[in-house]
Every structure is written in C-alpha cells, then in structure tokens.
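Sequence annotations record features per position, and here TrEMBL assigns transmembrane segment to B:37-55, B:75-96, B:108-128, B:140-159, B:179-200, B:221-244, B:264-287, B:314-333, B:345-366, B:378-402.
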Amino acid sequence: MRIQVSRELLDRQLVDADGRLVGKVDDVEFALGPDGVPYLRALLSGPGALGLRVGGRLGRMMVLTAERFVTDRPMAPLRIPYALVERVGSAVRLRIRAEELATPPVEAWLRRNLIGRIPGADRASG
Amino acid sequence: MKKLLAATLGILSAVGGFVDIGDLVAAGQAGARFGMAHTWVLLLGVVAICAYADMAGRIAAITGRAVFDLIRERLGARVALVNLAASYLVTVITLSAELGGVALALRLATGVPYLLWVPLAGAAVWLVLWRMRFPLMERVFGLAGLALVIFAVALFWLPTDWAALGRSAVAPSEAGQGWGAYWFIAVALFASTVSPYEIFFFSSGGVEERWSPADLADARFSVLVGFPIGGFLALSLIATAAVVLRPAGLSVESLDEVAQPVVLAFGAVGLAVAALAFFAVTFGAALETGLSAAYAAAQYFGWQWGKRVSPREAARFHTVLLVSVLLGVLLLFTTVDPVALTEYMLIISAVALPLTYLPILIVANDRTYLGDRVNGRALNLLGAVLLLVILAASIAAVPLAIGTRMGQ
C-alpha cells in the first residue's frame, strides 16, 4: 500500500477498534528490513514525540509540562506497531482496543488525582 | 410531527449559540451611538457565520472530524500549536466575559452586586457541564433566550419613528462621533457575530451526535434559520437602543442601559423578561465557550473528549474544562469591568478570526477529505469574499482600538 507519511499519516487522529480516541500520530518510526529496505515500523504518540517534532522553546515547554506528571524520565511515547493499523482514512483506525495500550501518563495522573475524585466521575452524562 | 419538533430544537440551539454578551454590548453601543448605521455589519456577519457553519457542518458530517482536528492536519503541528494557544486564550476570555454577563443579569434582577454572583455563576456553569444532559440545557437556554423578542415588541409599543430608523439603516453616518469610533464599533459587532467558538461548538456537536451525510440537510436548515433569527434579535437590540438611548444621550456602561428600552415600555415586567433573556443567552454562551476551549485542546492533542464517555475516561478534557472555568472566574475577580472586558474580548477575537476561518475554507475545498462534496463555485466565491472581510477586520482591529482609545 502506498501512503504519503507526511500528508496522510502525521497529525491524524488515532481511533481504537471501539471508536475511542487514543491520541494523534505525533511521529513515526522507520526501520531497515533484512533486505536493507526501510519500512514504517511504528506510530508514535505522546507529548514526548510531539515536543521533539514541534521543536524550539515551545516544544521543550510542552515536554517539560508533561514530564511533571511522570516519574520515569525522559517520557517514552506510546509506540503502536504499524501492523496494528486497520485502515487509514480521515483518522487512523487501529485493530486493538484502547485498554490494550498503555494509558497516557498525564491522563492516568489526572484520573487518579483530580477527575476521578470528583463525585459523579464514572457516569457519562450523554 | 416528530421531524418538526427536531427542527425546532435545532433552531433553538442555533439561536442560543448566536446571541451572547458580545452581541448585547456591541449591539447596545452601536444603537446608542450610531442609530441603525451598523445594520449592514450585522447582516454581513450573519451571512458569514451561516456560510462557514455550513462548511464546518459538512466537514463534520462527511469526515467525522471536528474543526481543530483538521486545523492541526492542515497547518502542521507547530503552527497549529500557536493557533491553539491563541484560540484558547480568546475563548477563555470570552468565557470570562459571558460569566460576567451572567453576573450582571443576576444583578439586574436582584440588585445584589455582580461580583458576589461571579463565583456562583462559575460553579453553576461547571456543574451543568459536569452533570447535565447537554442537549437539554442547550434547548432550555435557547428557548429562554427567545425572550429577547421583547425588544422587538417594545419597538412597536414605543412611539418609534420607523421612517427615520429605516433612513439611518440605509444611509450610515458617523453621527458626529467620528468615523474611527464608527469602524471600531463595526469591527466589534462583526466579531461578536462570527465568534470562533460558535464554529468550534457547532462542528464538535456534529461529530459528537455522529452526523452522517444524511443528517446534513437538517443541520444546514437549523443553522440557516436559527442564526438569522439570532441576527434579528441582535438587530432589535440595536433598534431599541437607537430609539431610546440615543436621543437621551445614554451610553452602554452595563446591561442596565441595554434593558432600559423594555423597562420604559413595560416597566417591571419588561425588566424581569429582559433579565431572564440576558441570563439565558450569557449562561448558554458560557457553557459553549467552556466546552469550546476544552474541545480545541483535546482535538489538537488527540485526547478523548465529549459527553458520551464518563469524565474519568476523558480526564484531560475535563481538567481543561475545569481549569478554563476557574480562569474565567479569576479574571473577573481582578474586578475588571465586565463590559470593558467584553469590548477587549471582541477586539482580540477579531484579530484571531482568520485562525479559525482560513483552515475551514481550505479543508472545505480538499477532495481527499470531502470527495465530491467540496464547496461549489458560488460558495467558494462567497467564502473568499467573506474571508477578505475577516482579514480586513483582523488587521484593522488593533490600530482602531489604539487610535480611538477603545472607541471613544
């Protein structure tokens, strides 16, 4: 399948098998196959990867803000092997469910320490 | 019958989303100082918001993506981040102005100083966003906002000189106030009509309600009816101010003056209805601006957002919501005058308008997203002309604000 990484993949929304929003394609990772031909190995998502791509002071500020919420630094991005991609359209649809991926650290921290503590946090209001 | 009901509800939401504190202040000032001389600005604004809401709605229905999603895809991660920072700032300042409007409406109704109402208004807005079924609230506030029609009724009740009113609408003049002030008010009124949050909110709502191309006709219908009704209500605000405030030489310092014409016509009942309408439109707009600020951030970063999932599952989205409401309340606690805050808000949003509208026009012409549902030639021509107007307003806003010292 031919795909233009910068135009059709980067900055697209990642959606899991149930339609949940997982993150954006903040960066991609290439690797060399056994035949020496490069291939698209994984999609990277998370403020660490995005901050590097944005670059400059703005990018560093973003990474530093996000890193306040984690203990192990530098912050590793969420790495999604390209084989898990089901199809690429106006969003990148994955074959797996969000639960099978690691919860983003900032989301986990806020869930545990702020939003999860407010009464009614478990009920969708529709 | 069911279809008629659904259409009515859609129209109510559109009306509720259109009129807000910016319209109340800008329309009141325009009428009090220049009569009907800004009618054309309001009409142009209504055409612009209808055209661009139509594009944003079509994009949402066909791609399932909201505006800020696409801003990042089209502008790239870095430029879109700057755009996000600017849009977020403008939206939170707007939220603060709306909360100030809620507090001013409550003061109008009760006489209790507005600053005491600010924390209550903030808490109530957050609680509704946290717990209530949003479409229901949207319709309740849209319906209550229709009470603004009392301004149009007052116009018939008062001894209005319709011929003079009509003349000042078709032949705009600076009325001895200076053209600088005229154009300053024109930019503010235009910005209040095409507030970016209306577009963020409309397109995110479309994605959340899972519009398909089949729902497109209904969405288009509610916008094309609802926004002009909102425009009509704003126009009647200008007209009553022109008839009552202008001859008396009154200017708009708070919502009291804006309500003055209906008080003159209907006394205490008029005051009560006006206060209810002001409360409804500002509270409704506070909900929409709060959500829009959080939508923009969540859609840039790809976080889970929306009211279909529990807050726990969208912790970052709900954190941004909570922080935005807090920031809005804190800004008012600096004791900045809510009407002055609204004026500054309108000028800043005028500057930021192209950040929202240019990407919409680009995506609405992108076949990789929309296939053959891209803009037709007529809509593109209209969109391009309106974009030029938006650019002109954006460029002129700050020089006009400085040159006229905020319209004096």
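Any Cβ shown, glycine's included, is placed from N, Cα and C.
From a predicted model like this one, the values you see are computed outputs, not experimental measurements.
Sequence-distant contacts of the transmembrane segment (B:264-287), counting only residues of its own chain at least 6 positions beyond either end whose CB sits under 8 Å from a CB of the stretch, comprise 16-17, 19-21, 23-24, 94-95, 98-99, 101-102, 104-106, 108-109, 121, 124-125, 128-129, 134, 137-138, 140-148, 150-151, 153-154, 157-158, 244, 255, 258, 328. Only pairs six or more apart in sequence are counted, and the transmembrane segment (B:75-96) with the transmembrane segment (B:314-333) gives three or more Cβ pairs under 8 Å, enough to call it a contact. Same-chain residues lying 6 or more positions outside the transmembrane segment (B:108-128) and placing a CB less than 8 Å from one of its CB atoms are 99-100, 102, 137, 255-256, 259, 271-272, 274-276, 278-279, 283, 286-287, 290, 321-322, 325-326, 328-329, 332-333, 335, 338.
The stretches the transmembrane segment (B:378-402) and the transmembrane segment (B:314-333) are not in mutual contact, being linked by fewer than three Cβ pairs under 8 Å (pairs 6 or more apart in sequence). Under 8 Å from some Cβ of the transmembrane segment (B:140-159) lie the Cβ atoms of residues 11-17, 19, 232-233, 236-237, 239-240, 243-244, 261-262, 264-266, 270, 273-274, 276-277, 279-281, 283-284, 287, all in the same chain and six or more residues away from its ends. Spatially, the transmembrane segment (B:345-366) is adjacent to the transmembrane segment (B:37-55); three or more Cβ-Cβ distances between them are under 8 Å for residues at least 6 apart in sequence. Counting residues 6+ beyond its ends, the transmembrane segment (B:179-200) has Cβ neighbours under 8 Å at 17-18, 20, 22-23, 25-27, 29-30, 33-34, 37-38, 41-42, 44-46, 48-49, 52-53, 56, 66-68, 87, 90-91, 94, 172, 231, 234, 288-289, 292-293, 295-296, 343, 346-347, 349-350, 352-353, 355-357, 360, 389-390, 393, 396-397, 400-401, 403-404, 406-408 in the same chain.
For the transmembrane segment (B:314-333), the list of distant contacts is 91-93, 95-96, 98-100, 103, 115, 118-119, 121-122, 125-126, 129-130, 286, 290-291, 293-294, 297-298, 301, 303-306, 341: same-chain residues at least six beyond its ends, Cβ to Cβ under 8 Å.
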